[in-house]
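Enquirer: The transmembrane segment feature in TrEMBL is assigned to 12-33, 39-59, 68-87, 93-114, 126-143, 155-177, 189-207, 213-231, 243-264, 276-299.
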């Protein structure tokens with residue numbers, strides 16, 4: 001720890017790059033003096049040089065400082081070097097755990113970045129998944145060093161470790177960088193394929209030679225998609241226009257031999273030796289893909305376009321707090337005091353009356369779960385009966401939702417003009433939703449919070465008028481609209497979308513339709529009949 005404090009206080013600029021450059025000396029020593037086969041250095045060069053240089057580009061070139069990570073990398077480098085130059089010793093377990101700790105911290109940083117943003121910016125999701133893959137690669141490295149019996153030969157265990165360092169980390173980060181610069185229509189498909197490919201390959205190797213062939217084909221889609229992106233991307237520097245496409249083209253060549261190797265093993269018609277694969281495939285990936293790719297991105301790495309969400313969120317969390325809300329007894333007339341805050345030019349009078357006088361209306365509903373989602377809805381029903389939030393029936397029979405709108409202490413919630421709409425079916429709570437609003441860049445959003453255990457689900461809805469005097473409330477918008485999960489101070493955008501339409505059927509009666517999707521796939525529709533009470 002004294003070393004860590006010294007690194008923090010030193011005037012010498014100690015970072016991932018400087019340690020990586022120092023590691024080149026360790027690498028030279030291993031090249032000339034290690035007793036293991038040469039191909040074991042393919043993983044070592046990734047651990048000591050390629051991966052940390054990419055982490056430097058990701059985490060340190062924009063002014064961020066991670067002294068603890070640099071400290072861990074320094075001792076992890078010494079550990080990796082020691083494991084390479086010594087035989088089996090009693091310290092092997094301790095040394096490899098130092099490397100595992102280092103990769104675990106990288107994975108934690110990736111998870112933290114994801115939680116602060118959520119399911120937006122596919123390119124950032126790729127990068128963060130790559131950071132998590134390093135921990136997976138570290139686990140396989142541990143299995144190899146400790147000779148753990150996982151049902152595979154030692155060489156396959158080692159190859160899996162190298163697989164998650166190169167294909168699981170470097171490839172995903174490089175494709176993520178391409179997405180930061182430019183995203184063509186096919187980018188999401190290519191990125192998704194790159195995400196699943198490392199796991200498909202691992203499954204194929206583990207269970208079936210036919211699946212291994214299929215997994216290589218999946219990988220080819222990701223790699224040739226990466227070549228396409230690399231050739232179309234406008235780079236900051238001219239030299240990058242040569243280096244980065246060459247890096248991806250090297251993968252495009254080496255993956256052909258991987259396919260031949262897999263097909264040969266499956267059919268038995270021909271044979272590609274593992275020693276040839278190590279020499280050609282491993283050498284090509286290490287020297288051309290990784291080395292040239294790292295150099296290319298070091299010349300000019302694009303900045304992230306992701307932004308942190310700063311809209312106000314409810315401080316009310318948890319099951320007990322929700323129970324306390326249900327006991328509030330100070331009623332207010334409606335969900336909104338004055339709909340004029342949303343600056344809607346021709347809002348239907350009956351729709352306005354409903355939002356400003358919600359307690360004067362009766363709510364009937366039919367819940368339609370889409371067939372493909374019913375098994376998941378059934379599983380969630382077990383939980384929702386306990387937490388009594390989004391506690392919807394599984395059948396489409398008409399139900400009456402009773403309840404009231406009550407005032408919530410703004411100081412406790414953290415937002416302004418907060419009202420809780422508590423809805424029940426047969427005295428069982430189905431929704432406790434806390435309504436507020438906020439304005440960003442001249443757009444006023446409806447800000448709805450649903451307290452959950454240790455968190456809050458937040459719906460940020462943009463209000464617009466549609467044809468036929470219908471009011472549209474949608475989470476799909478280029479601004480802040482969306483569905484989020486707030487954990488602590490983080491606001492994670494979820495792959496959920498919701499859209500309400502509210503319209504008048506006849507005087508005093510309205511209808512509303514609530515549609516929800518996940519990854520753009522519909523899974524829930526609720527039809528409401530809203531009647532003014534006598």
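Placed from the backbone N, Cα and C atoms, the Cβ positions cover glycine too.
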Enquirer: Among 39-59, 93-114, 243-264, which stretch has the most Cβ pairs under 8 Å to the transmembrane segment (155-177)?
Expert: 39-59
Enquirer: Between the stretches 68-87, 126-143, 276-299, which one has more Cβ pairs under 8 Å with the transmembrane segment (189-207) than any other?
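Expert: Stretch with the highest Cβ contact count: 126-143.
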Enquirer: Would you kindly list the residues that approach the transmembrane segment (276-299) from elsewhere in its chain, counting only those six or more residues past its ends and only Cβ-Cβ distances under 8 Å?
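Expert: The answer is 39, 42, 45-46, 50, 53-54, 57, 162, 166, 170, 174, 177, 236-237, 239-240, 243-244, 246-248, 250-251, 253-254, 257-258, 261.
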Enquirer: As a test: from 12-33, 68-87, 93-114, pick the stretch that has the greatest number of Cβ pairs under 8 Å with the transmembrane segment (126-143).
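Expert: Going through each listed stretch, the top one turns out to be 93-114.
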Enquirer: Looking only at residues six or more beyond either end of the transmembrane segment (12-33), which have a C-beta under 8 A from one in the stretch?
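Expert: Contacts of the transmembrane segment (12-33) (Cβ under 8 Å, skipping residues fewer than 6 from its ends): 41, 44-45, 48-49, 52-53, 55-56, 59-60, 65-67, 69-70, 73-74, 77, 81, 84-85.
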